[in-house]
Each structure stands twice: as C-alpha cells, then as structure tokens.
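Below: one structure in structure tokens.
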Amino acid sequence: MLSTGTKSLDSLLGGGFAPGVLTQVYGPYASGKTTLALQTGLLSGKKVAYVDTEGGFSPERLVQMAETRGLNPEEALSRFILFTPSDFKEQRRVIGSLKKTVDSNFALVVVDSITAHYRAEENRSGLIAELSRQLQVLLWIARKHNIPVIVINQVHFDSRTEMTKPVAEQTLGYRCKDILRLDKLPKPGLRVAVLERHRFRPEGLMAYFRITERGIEDVE
C-alpha cells in the first residue's frame, strides 16, 4: 500500500493506494484531487510518472509541500517525471509510452485528468473505446510493476438525475476497482472523501481532511 500521508485517508482506503489497481479519484474543481496525488507521490520516496492534461501540476506547490515537511525540494522535483499531452491523440501516445518509461524505480503513476481532453473533443464517437484502451494500458502497468495508478476524473451535472457524476462513469467504473470522491465543505480548507467503491472496504465510508501548506492533513 502507498500511504497518502494522512491516517484518515489511509484508513478509508484500507491502508493507502493499492498496488496493481487503478484508483479513480474524482470530484469538483479545487476539491483536493491534485494535492492528494502530489502528496502521495512526494512521500513515496521514489519516481512518479505524472501525466498532466489540465496544466494543474505546480512545481511551486510541490516545493512548498516538500519544504514544510522538511524534505529536499530539488530531490522531490527530480522524482516527478512530467508529461503534458496537448490533446486526446497525444494523450494516447503518452500513456502508451509509459509501458517503456515506468520501471522498478517508480512508485506511482498519475493521470490528471484522464477525461479533460476526451471532453474537449467535438466528435466523441469511438473515443469511449480509445479511453478504455488507455485505461487497459494503465492497468497493465499497475499489474506488471505492482504499483498504484491514480486516475483523476472530472465531474459533470446529470440533468436526468439532477446529480453530479464522474465523466465517462461506466467506462472508468469498469476498470477502476477503487473509487474515491472528494468534495468541498462550507468551512474553508475542509474537505470530505467518500469511498464509493472498494475491493474489500464497505461503500459509503467517509473521512474528513484539510488542505494546508503541507498538502493534505488530518482534521484534528
């Protein structure tokens, strides 16, 4: 298990992010998805393959998190191998290339987010199949190297159910055995994580956390 650095989230996930498994982390803007992925990679002590499709990866934020935790910021930055595909086609190429990039020196793969370029495409016919293929490649990497893969996802409003749901819910749900939803709460900095699916933990469990300079911390 790869620790998130917080007791509450580790407990919620059954010890942390599971190796050999795709974990979907989804939620609205600024709910803590990227911070959670950065912190998990930072504390792993090993290399992280980070596919940033939204421009959300912030070296400054990573440095801040490292410094406030007494870690070497330059060493931390050097461990994050960043990929920035500009469209869905390039995303396909980048994810395919990870099969050669990721080796035993890597502790984690993050795709942030898997659906941003998919949503930007005008003609989505056939793209669901391609999205499924990309997820299959990520699952192959997770299993081959026995490491976690965090797949960050966006949300959309479903007018039929009048609820916010993850984008491409069925496609991601088929491949992702663990699903974690993050939400903002009225109190500034406070967030809640809801376990929507897990291989052995009960669904619906919740954990509260704060977003601070250090990253994500337990609520005291």
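Using the three backbone atoms N, Cα and C, a Cβ is placed for every residue, glycine included.
Feature list, courtesy of Swiss-Prot:
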- GLY27, PRO28, TYR29, ALA30, SER31, GLY32, LYS33, THR34: ATP binding site (BINDING)
Taking the center of the Cβ atoms of GLY27, PRO28, TYR29, ALA30, SER31, GLY32, LYS33, THR34 at the recorded ATP site, which other residues in this chain have a Cβ no more than 8 Å from that point?
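Counting only non-site residues, the set is LEU182, LYS184.
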Can you see whether DSSP assigns LYS33 (ATP binding site) to helix, strand or coil?
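DSSP assigns LYS33 (ATP binding site) to helix.
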Around TYR29 (ATP binding site), how many other CB atoms lie within 10 A of its CB?
10
Between PRO28, GLY32, which of the binding-site residues has its C-beta surrounded by the fewest other C-beta atoms within 10 Å?
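Sparsest of the binding-site residues PRO28, GLY32 by Cβ contacts within 10 Å: PRO28.
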What is the number of other Cβ atoms found within 10 Å of the Cβ of THR34 (ATP binding site)?
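A 10 Å sphere around the Cβ of THR34 (ATP binding site) contains 21 other Cβ atoms.
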Neighbour count, 10 Å Cβ-Cβ cut-off, for LYS33 (ATP binding site): what number do you get?
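Its Cβ shell of radius 10 Å holds 25 other Cβ atoms.
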Tell me the Cβ contacts of ALA30 (ATP binding site) under 8 Å, same chain only and six or more apart in sequence, or just say none.
LYS184
For PRO28 (ATP binding site), what is the secondary structure state per DSSP, taken as helix, strand or coil?
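In the DSSP reduction, PRO28 (ATP binding site) maps to coil.
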